[in-house]
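Peer 1: Sharing the record's features from TrEMBL:
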DOMAIN    47-433  domain 'Amidohydrolase-related'
MOD_RES   K148  N6-carboxylysine
Amino acid sequence: MTKVIKNGTIVTADRQWKADVLIEGEKIAQIGENLSGDEVIDASDAYVIPGGIDPHTHLEMPFMGTTAAETFESGTFAAAAGGTTMLVDFCLPGEDGSLLNAIDEWDRKSRDQICTDISYHMAITGWNEKIWGEMEAVVKDRGINTFKHFMAYKGALMVEDDEMFASFRRCAELGALPLVHAENGDIVAAKQEQLLADGITGPEGHAYSRPPEVEGEAANRAIMIADAAGTPLYIVHVSCEQAHEAIRRARQKGMRVYGEPLIQHLTLDESEYFNKDWQYAARRVMSPPFRNKMHQDSLWAGLASGSLQVVATDHAAFSDEQKRMGVGDFTRIPNGTGGLEERMAMLWTKGVDTGRLTPEEFVAATSTNIAKILNIYPMKGGLTVGGDADVVVWDPSIKRTVSVATQKSIIDYNVFEGMELSAAPRYTLSRGEVIWAHGQNSQPQPGRGKFVRRNPFASASKALSKWKALNTPRKIERDPMNIPAGV
Ligand SMILES: NC(=O)NCCC(=O)O
Ligand SMILES: [Zn+2]
Ligand SMILES: [Zn+2]
């Protein structure tokens, strides 16, 4: 049984051209003109793009005394409705601290629910010999090549610099990539305490407690620690010029540092926290907080110029009731917002439609770049013969207004409510199967998604190790006769 996507304009990270895409089973079999297949998928007047990859989600995550309400089923179905065919969720160790048990737990939660393919990043939330040992099995046996470090959430997920350095070194040995949430957790905690003491207890306190400098300092620190450990680094949810500047500077020096802005930071600003409606403002509490236009312009420029590579969502969706845990104390509002379903359409509307991004840059930022960074390209993230047929027929004639009434996410609000989106998937295909068809009452297909294994990064680690070995401190051999006698 073959399928052919006909009459569309293909857009990849490099170029656009008119061609058909032939799919055999789960794979792309041919790309060319006048192809035929058993089933025809019409892409007239539309673009044909690689399925989106969202590398930053927290589905059903236990966090801040509750559990994120978006499930693996609703989250992956919402993703498919928005053109995303793979997401990478953060796996957090439980009370026993075991990484391997945490993966088993994430498998148990996700296996029968996922409608799209998924993978995990493993979080390092402490440091000891058991974790050091288990990291090898995480990479080699479980197919996870990324480890996340929280520099914030003091007293909970936060790790200290020496722990991060040790973990980064272990990543370098294993050919894994460390990720960081860059915010100085000590300063945030001190500011929170002061703000509460000053009587600022509402969601605006969240924004005041996490200024851009706090993020910039942590981004710089993580970059220096990664360089000392001899590893590339990926910085999640880059929200401000200070962190972006640190990344730009590092890249200019030849360091392999990657930056991931979120669609929320690109399109929503800090004024949201000053809304008189407590619930409205609390819905938008996430870390780092939304910033102002200057920071947004910096992020957009980074995506266009290549100093920032990936647009994600950090989808961590808590219900209104869960957000109310923080009435009277903003530090107890569960941190996180949604965006899985809107990421691609928002980026198209605010990026491509305004001329800030080309369609090719859009594909790079939503799919191809992260597939390369995660070492799954060209199986994912491109339109290549032999690659997975994760394909979206992207239709710029489908307009819609974001509304909680029509969204697939099960959360009782949407932070993009009322925004006009100028494009949407006509069809979303995951490994050759149509999992979303616009206007055709598509339903979730829980359990059809697969876990995607990711191999260690042979090439970047090898190159960096070679360079570090060449530049390692060396003893200078001297003729003892020419060394003056000491005193
Ligand atoms: N970002 C956020 O506020 N919540 C999710 C956890 C994290 O990524 O920091
Ligand atoms: Zn984070
Ligand atoms: Zn996150």
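Going from the start of the chain as shown, residues are counted 1 onward.
Glycine too: its Cβ is placed from the backbone N, Cα and C atoms.
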Peer 1: Can you check what DSSP calls K148 (N6-carboxylysine), collapsed to helix, strand or coil?
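Peer 2: In the DSSP reduction, K148 (N6-carboxylysine) maps to strand.
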Peer 1: Would you report the average pLDDT that the model assigns to the domain 'Amidohydrolase-related' (47-433)?
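Peer 2: Mean pLDDT for the domain 'Amidohydrolase-related' (47-433): 98.
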Peer 1: Enumerate same-chain residues with a sequence separation of six or more from K148 (N6-carboxylysine) and a Cβ-Cβ distance below 8 A; give 'none' if the list is empty.
Peer 2: F90, H121, M122, A123, I124, P178, L179, V180, H181, V236
